[in-house]
């Protein structure tokens, strides 16, 4: 048997040239703030309702167990083991994989820039909630000649009683489209100029995000306590209010009542995968980035279990709140719940929910303030992580730069790009970028990530790395998921995604050809990064090496390992001993079987 390996701990466990979390709780709180975001509040309830209600929880939980949790834990481990952000982590694993990290970065930048535009709209709603008469609760006479009111009648959101909803449009929807977005119904002539009030809200959103992470994890870690805990205080208050409203039970029942026939639909399983995928930030690089600031022996196993479980529970809690309040809205209007659920995403957050709040009899403005403030805080927590990905890539490559300079530069860049989304045609661009940059890119690159790590570097190698770092062996569940189940789920979902691909539209309207062309360019820019960086790195190496030598160095794993030199040396010794022990065990097993056969 192989003698036990002693793990020396001490000052060498600190990496002097890299910032670290103040303590283990800061990391956990930051992960909670990162993952529990806007998608839990406005996307999960609608996706669940649309895909079988309570029955949707079955595929969602199965996807969480066999895809979400294994991938989340793996990305945490890769970041902590290498003490590098996603680009440098992939480059150290094999230089040829450097482009995977840059492709993820492009996708993350796409998501971060449009994410902050949603925060700007949320902030605008928050500011306009500080009044006893909510501005979206009444019809404005100035809207009478607007194109949205052709053949339709404005219905004040605070009106009572049953109404023929087929030829009406709520004041909440009109206020959102006309006053907030100043929405354009056609972008063939351009998307227009940024709305000045939303521009100020966007600027404030980025300034707050910059102030939270001005010095990297040293400041964002301290803010994470508030960003992670405070939303649950408001969620608790809203839950108590929601379940005590008249008609709330009808709405909650509508949300959780299983529609078992939906389980036979491939679309439901696809929706479960995409919801879990984006709720946990899988493939974004943010999980790897946050974990890279941990100490080498930190217990990421515990944190992965806590965060993935809490994320799911929060999504379900949000569903109870949202549909409890929508049930009350349906009760007051004397219609079915389905008639007040406009859509998911922005429609649920900025139309259905404000409309429901406007009908509250007691202090509707207070609940509006609580809801939109909670959304904004959730947004800050997620945006800090997305912005941190770009920040970490720069700091890993140029560690001599001032931290706050890089943080400020990334915030300014995010603000300038974000101006696209607060133009009259901004929602068109939002939908296009979300599809090509926030969905397509991550599918392709996450498949590359799991396949290269598990099928190329090797399952046994990664399990030995984790055993050395965490002092615990990876069990059969993790091995089977990583090597077989997770890759197959991702590949299957990707082919389903391609097979069911339809023309991208915005609210049923087709995009101009030039806008769709830019979407494909964005997609190509992201997924072609591995190819681009392969040729860049090959050209660099050919200056001093032959083609064969350059190719061998590109696919080698020689640079992989703990960043700390002392731990790296002990890790290599550990792997040699572990593999030697495995060989001895294998030989002993063969010898035992041969002896049995000879004896017979």
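Every residue, even glycine, has its Cβ placed from backbone N, Cα and C.
Pulled from TrEMBL:
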BINDING   36, 40, 279, 378, 382  Na(+) binding site
TRANSMEM  54-74  transmembrane segment
TRANSMEM  105-127  transmembrane segment
TRANSMEM  196-213  transmembrane segment
TRANSMEM  225-248  transmembrane segment
TRANSMEM  268-292  transmembrane segment
TRANSMEM  304-326  transmembrane segment
TRANSMEM  365-391  transmembrane segment
TRANSMEM  403-423  transmembrane segment
TRANSMEM  435-457  transmembrane segment
TRANSMEM  477-499  transmembrane segment
TRANSMEM  515-536  transmembrane segment
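At the 8 Å Cβ cutoff, the transmembrane segment (304-326) and the transmembrane segment (365-391) share fewer than 3 close pairs (sequence separation 6 or more) and do not count as touching. Below 8 angstroms of C-beta separation, residues 71, 74, 78, 93-94, 97, 100, 103-104, 106-107, 110-111, 114, 274, 277-278, 282-284, 482-483, 486-487, 490-491, 493-494, 497, 504, 519-520, 522-523, 526-527, 530, 557, 560 of the same chain, each at least six residues beyond the ends of the transmembrane segment (435-457), sit close to that stretch.
Long-range contacts of the transmembrane segment (196-213) within the same chain: residues 116-117, 119-121, 123-124, 127, 180, 219-220, 223, 227, 376, 379-380, 383-384, 387-388, 391, 407-408, 411-412, 414-415, 418-419, 422, each at least 6 residues beyond the stretch ends and with a Cβ under 8 Å from a Cβ of the stretch. By the Cβ criterion (under 8 Å, sequence separation of 6 or more), the transmembrane segment (268-292) is in contact with the transmembrane segment (105-127), since 3+ such pairs are found. Using a cut-off of 8 Å between Cβ atoms, the transmembrane segment (105-127) and the transmembrane segment (477-499) share fewer than three residue pairs, counting only pairs 6 or more apart in sequence. There are 26 other CB atoms within 10 A of the CB of residue 378 (Na(+) binding site), with all protein chains counted. The Cβ neighbour count for residue 382 (Na(+) binding site), using a 10 Å radius and every protein chain shown, is 26. Counting Cβ pairs under 8 Å to the transmembrane segment (54-74), the stretch among 225-248, 365-391, 403-423, 477-499 with the most such contacts is 477-499. The local packing around residue 36 (Na(+) binding site), expressed as other Cβ atoms within 10 Å of its Cβ over all shown chains, amounts to 26. Residues 36, 40, 279, 378, 382 make up the record's Na(+) site, and a Cβ search at 8 Å around their centroid adds 34, 35, 37, 38, 39, 41, 311, 314, 381 from the same chain. Around the Cβ of residue 40 (Na(+) binding site), a 10 Å sphere holds 25 further Cβ atoms from the protein chains shown. The C-beta environment of residue 279 (Na(+) binding site), restricted to residues of the same chain at least 6 apart in sequence and closer than 8 Å, consists of 35, 39, 40, 43, 44, 68, 311, 315.
Counting only same-chain residues 6+ beyond the ends of the transmembrane segment (403-423), those with a CB under 8 A from a CB of the stretch are 19, 109, 112-114, 116-117, 120-121, 184, 191-195, 198-199, 202-203, 206-207, 209-210, 213-216, 218, 387, 390-391, 394-395, 429-430.
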